[in-house]
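Colleague: One structure, as structure tokens, below. Some questions next.
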Amino acid sequence: MVKLRAKCLLLGDAAVGKSSLSHIFYNDGSLFQKNYSLTTGVELVMKCINIPETNDSVELYILDTAGKETLAEGCEKMWGEPSLLCLVFDLTSEQSFANCTCWMERVQAHCKGLRVPGVLVGNKSDLSARREVQASVAEEWAQSKGLEYHETSAKEMVNCDAPLLSLAQSFYSLYQEQREIMQNLGPG
Amino acid sequence: MIDSSGAHVVLASSSDENHPPENITDGNNKTFWMSTGMFPQEFIIRFPETTNISTVTMDSYNIKHLKIERNTSPNAANFEPVTQEEIEQTEGHLQLNSISLKGCRATHLRFIVTEGYDHFVSVHRISVKT
Ligand SMILES: Nc1nc2c(ncn2[C@@H]2O[C@H](COP(=O)(O)OP(=O)(O)O)[C@@H](O)[C@H]2O)c(=O)[nH]1
Ligand SMILES: [Mg+2]
């Protein structure tokens, strides 16, 4: 049994639904802690994800960055070295999808050569009549960046656990891979 | 004299049941302690008595930046810095480090890994030359 720990950045434009999503993680009745710092504009939610068919789990420390541009500089200092990325856009806003490219560039500077698995989340899937971003387009962009694509509705609580499970599983795979290497190291 | 007998780990910031911190001081570099994600990571080694340490030898993997602190207290508290090291990346074999502590006196040594080449680091063996 092992419990891994990962720092997960929740990124994306203002009003795409980041806080709504993190509040669902917070409200679903499992063990968590919550913390909000007004000075930094960063909210921390802890969520423990069990890896299916094992006794192992991953504790995700999810940092919800305030989308307001004025606070963004301060937030970047809090990013540190992330373990995982959750990039969110609004399916009814083409602009929020286009801006994902900038978010990726900004965060890459913090990854310092580490492989940081991530997901792309198209939120507000309940507003299907107002959809501006097609799943196939988002899917293709996600693939080109090595991200897994998910669509959610924080409002109707549809599919909200899928991105987290996918992130936890990616981190668990990295752990297994490194452990395998460590077990077979030469003497140097 | 090279000695890891009697020294043992009294605290580690993370632990994997299959790769516990005891593996650091068991004298065997096939067994290891593995971190479980995020930095910094740390562990504290206690010596049976206050000891003058000339060199620390550490076999590790994926460690990029390491700080060492010491105290001469019976408790694992009130540490002061001794040295820090930038460690080179290796692939497929252990990082073999020999770190001079210049005869400093210590009852506890605290090892803080502030950066890694991967999300996970391992320490396979630590011994000290007195
Ligand atoms: N219809 C709909 N509205 C949503 C959804 N998620 C969030 N919202 C609304 O979008 C607005 C912004 O959400 P918020 O979580 O504060 O966005 P943030 O700035 O990214 O944290 C709020 O009015 C939410 O109620 C969703 O899935 N569907
Ligand atoms: Mg918000």
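FYI, residue positions are counted from 1 along the chain as it appears here.
Backbone N, Cα and C atoms are what each Cβ position is placed from, and that goes for glycine too.
The region 'Disordered' annotation in TrEMBL covers B:1-29. Among the features that TrEMBL reports, domain 'F5/8 type C' is placed at B:12-121.
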Colleague: Of the residues in the domain 'F5/8 type C' (B:12-121), how many are helix, strand and coil by DSSP?
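Modeller: Each residue of the domain 'F5/8 type C' (B:12-121) counted once, the result is 4 helix, 65 strand, 41 coil.
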Colleague: Grab the pLDDT values for the domain 'F5/8 type C' (B:12-121) and give me their mean, rounded.
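Modeller: Taking every residue of the domain 'F5/8 type C' (B:12-121) together, the mean pLDDT is 95.
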